[in-house]
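K.L.:
Could you have a look at this structure, given as C-alpha cells, before my questions?
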Amino acid sequence: MRRAVLIAIPYVWLLALFLVPFFIVLKISLSDIALAIPPYTPTLDLSQGWAGIKEFVSQLDFENFVWLTEDDLYWKAYLSSVKIALIATSLTLLVGYPIAYGMARAPEEWRPTLMMLVILPFWTSFLIRVYAWMGILSNEGYLNQFLLWTGIISTPLTILNTQTAVYIGIVYTYLPFMILPIYAALDRLDGSLIEAAEDLGCSRMQAFWLVTIPLSRPGIIAGCFLVMIPVIGEFVIPSLLGGSGTLMIGKVLWEEFFSNRDWPVASAVAVILLLILVIPIVLFQRNQQKQAEAEQ
Amino acid sequence: MNSTVFAPWDDPQAKPLIQFKNVTKRFGGFTAIDNLSLDIFEREFFALLGPSGCGKTTMMRMLAGFEKPTEGHILLSGQDIDPVPPNKRAVNMMFQSYALFPHLNVWDNIAFGLRRDNMPKHDLEDRVEEMLRLTRLEKFARRKPHQISGGQRQRVALARSLAKAPKLLLLDEPLGALDKKLRQDTQFELMDIQEKTGTTFVIVTHDQEEAMTVASRVAVMDQGKLMQVATPDRIYENPNSVYVADFIGDVNIIQGRATSTGADTYRIDWAEGQPPLTATSASRFADGQTCHLAIRPEKVTISAERPADAVNAVQGKVHDIAYLGNLSTYYVELSNGIIIKAQTANTRRISRRSFTWEDPVWLSWTATAAVLLAD
C-alpha cells in the first residue's frame, strides 16, 4: 500500500502538471479558430452524451499543422531557434568551462565564495537582469560610453537589437547551468590522475586534453543540454534584446497567442516545439543515467 | 663475505643511481626534509619507512619531479634532475590511489605512457602484452578499472608504471589498500617482478613489516631526517637509536647507567634492589653515562626457575598474556613495577601452557642479546 502511494505520487504529479496540460494544448491545436470565448471550436459538450463526443471528434483536424508547413515563417523560426541555441550553447561552454575549471582548482577555502558568486544572480529577477543588459548594450549604454571614453571607438556600436545581444543575453543568463555540472565533474576529479598523466610523459596541455576533458565530459554534456533545451524555446531574451531581426520560435509562439489570438495555430507550434525538444531531453536523460551507473 | 651477495652500498667503487645531496625542502615555515644526503644504488629495492608526516612522501615526490628541493640537489645517474619536469624524467611512479584512468580500459591504461613516446604500433602492442603477462592480467585487458578487484587494480598500476622501463620506479604505499593476506602475496610478487625487470625500486611505506620483507635496504625517517639506513636485519638487530629500536618491531627499553667492566662489556645499574645487567657493545660508553638497553621480546627467555648459567636474570610475575596464535607475549611485572615483554613460540597447545596469570617467573637473556644505546 505504502509502496503504491510512493510510486503514485510522481505519476500523479506528471499527469496533473504535464500530461493533462499537454493534451489540452494538443486538443486546441486540432481545433479551428473562432471569435468566441474560448477562441476556438469545437468545445466538448458532455450533456449531448455519446453523440456529442462523436460530433466533437469529427470536427478535429490537422489543418493547423498543415498550415505550419505551408508558411515558411514557422520552419524558418524553428531552424533559427535551433541554430541560435547551438551557437549560444557552444559560447556558454567556452565561457563556462574555464570558470568551472578555475573554481575547481581554487583553494578549498575560496570555493564556497566562488560558488556563491555564480549562484548569486539567481536571487534577482531574471527580467530585471535582462533589462539591465538593455541599459548596458544600447547605443547610449554603459558599454558604448566606456568604449568611447577609452577612445577604442569613435562612434557607438550597435549591439542592442542584434543577434549579438541575444547571444550575450543567453550566455549571461544560462552560464550557471553550464558552470555547475562541469564544476561538479571537475571537483570530483582526483588530482593524482593529472600527476599520473604527467609522470607517464604528458605535458600539462596533453594531460588536460587526455585526462581532464574526457573525465569532465558527463558534466559538459549535462551543462550543454541544460542550456540548449530551454534556449530553443527562449522568448524573453530575443524579444527584449534581439529586436525584430531575431527570429525565434518562442517569439512566434507568443505572437500567435497574444497578437493574432490564433490559439489553435499557437498550440500547433507548441506541440511541434515539444516534439523537437523531446530528442535532446531523452539524450540528456540517458547521459544522466549512464553517469549514475558509472558511479556505482 | 660472499661475492654474490648484492651489497653495492658496501662497495666504495659502486656508483649510486640516485644521490640526495644536502637536500632541504620547506613548505612555508615547515621543514619537511632537513639537510638530507642519501645514495641509492642500481637494482636496489629501497624502502623509505617512517610515521606519517616524516617526509618520506616528499622525498618520493621530489624524485618524481612534483616537488623541487628548496636547497641541495638530487642526482640521477650523476645528472642533476632538479630542472627536469616530471614528464621528461626516466622515473615512473605508482600512486597510492593507483590513479588509474577511469575512462580507459586496462590495456589503454598500460599503453598510455608508451603512446606519449610515439612508440611504433607493433612494439607498443608487444610491450603492453608483455606487461599484461608479467602482472598476470591478460584476461582483464578489456575491462575498465571499476570492473576489476583491488588487487588487480594494484597490478594494473604496477604494469602501467613499469611499461616505460623506467630507470627508477617509485611506489607510494603500493599495498596500503589491500587486505592483509593479499598484501603478503603481493609483496613477494613485487620482489619477483623487481628481480625479473632489474628496475630500481623505491618504496614508501609506514608498514615496517612490509619494508623489512621487500627491501634490500631500509631508511627509517623521522621529522625530515634519516635516522638509520641499513639492511632490514641490521635495522632490527642493531638499531642505532632508541627511536629506530622502538619504531621497528616490539622492544623492551631499560634505562640505566653504564660502567665498563672489560673490553666492550658494560655493567648497567638500572633500578634499586635489582641486580645489575651485563651487555656488550662495540660503541664506547663513559662510566656513569646514561644509556638505554634495547631487548627484543623474543630474545628474553621465560622460565619457572632461575637458569643457572644466565648472565642477566630478573624475577617477576605474569601480569598479562597476549595470545597471538603462533606466539604468546608475556607481560611480566617486576617488583619495582617495570613491565618486560617476553615472547615464546607456541609449540604446544594452549591448554598445556606452562605459565598463567600471576605466576612467579624468571626472565633471562644473554649478554649479546641486548643492544646498548646512548641517549
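Using the three backbone atoms N, Cα and C, a Cβ is placed for every residue, glycine included.
No curator has checked TrEMBL annotations; they are predicted automatically.
Owing to the predicted nature of the structure, the values given are computational and were not obtained by experimental measurement.
Sharing the feature lines straight out of TrEMBL:
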TRANSMEM  A:12-37  transmembrane segment
TRANSMEM  A:77-101  transmembrane segment
DOMAIN    A:78-284  domain 'ABC transmembrane type-1'
TRANSMEM  A:113-136  transmembrane segment
TRANSMEM  A:167-186  transmembrane segment
TRANSMEM  A:206-228  transmembrane segment
TRANSMEM  A:266-284  transmembrane segment
K.L.:
State the non-local partners of the transmembrane segment (A:167-186) in its own chain: residues 6+ outside its ends, Cβ under 8 Å from one of its Cβ atoms.
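P.N.:
Residues packing against the transmembrane segment (A:167-186) from afar: 84, 87-88, 91-93, 95-97, 99-101, 103-104, 115, 118-119, 121-122, 126, 129-130, 133, 137, 159, 212, 215-220, 222-224, 226-227, 230-231, 234, 237, 240-241.
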K.L.:
Per the 3+ Cβ pairs under 8 Å rule, pairs at least 6 apart in sequence, do the transmembrane segment (A:206-228) and the transmembrane segment (A:12-37) touch?
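P.N.:
As far as Cβ distances go (cut-off 8 Å, pairs 6 or more apart), the transmembrane segment (A:206-228) and the transmembrane segment (A:12-37) do not touch.
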K.L.:
Residues sitting near the transmembrane segment (A:113-136): Cβ under 8 Å, six or more positions beyond its termini, same chain?
P.N.:
99, 102-103, 106, 142-143, 160, 165, 168-169, 172-173, 175-176, 179-180, 183, 236-237, 240-241
